[in-house]
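Please read the structure below before turning to the comments.
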Amino acid sequence: MSQAAPEIIENPDGTKSIITYKTENGEKYKIIQKVRDVKITERVHRSVAERRSWAKFGAEKNSPPGPNNSTTQFGETVELLLDRNWRKIIEARTQKLKASASKTITCRLCGNAHYTMNCPFKTILSEISALEDPAAAAAGPGLPEEVPAGKADSGITATGAYVPPSRRAGARDPSSDAYRDARERDDSCTLKILQLNENADENTLRNELLFPFEPIQKVVVVRNKETGRSRGLAFVTFINEDMAEKALHFLDGRGFMNLILRVDWSKPKVPAPQ
């Protein structure tokens, strides 16, 4: 019995649904696979590309380009680190992978799966709290009489419901000047680095490019969500604005890993009033 050709459906989100059928033990099963085509451009040296186009000979004379699984054994890809501290670099990468594997992103304000700085509910949390409990909002800081101190500190009300820290009595408004000033201080010390080599990760930037400006608070390389490859963009947060400005003048236009860097502030600076 011939097997029917698979049915392919194009989805609006750019994916494809492949529908096939199979029969096992007298029962027919429908199999739906959802796939996404990802195009990855690999940059190699010119001589490597030329060797790949060489004509094959011997037993592989008429074989198509590329390795043949039946006659070629693939080895393990070995990364060469030309650095005296390569052991420390490998240990740091291992620790970072372990930390990222056990760490989940949770907003401190609403508890959803996104960063606190990107929370879409910053400006309305206080208004919702006031509408739900006008008496507590009017009373200001302090604990309600019906809530024991131990439960109030842990965010548990008398009814057993959990209250986020931003909605507890005495909590600061996320849209207040204090929160906004803290965010602006972070932006004032942050630079964006453009035209980065795709092979440059956070450890490479810290150890080979940014070491004259230590201590570095944070280094983030922007990556493609689908492939995990670098987009050639990174954000670096320094200890203060003066150190960030020194790094800006030193790194902008400098060559790094065969590319010319472009460095600027993460947000445009507002000129001081005359």
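Even glycines carry a Cβ here, placed using N, Cα and C.
Range annotated as region 'Disordered' by Swiss-Prot, chosen from 138-184, 185-231: 138-184. Here the domain 'RRM' (189-268) has a mean pLDDT of 88 out of 100.
Within 10 Å of the C-beta of Ser63 (phosphoserine) we count 14 further C-beta atoms, all protein chains included.
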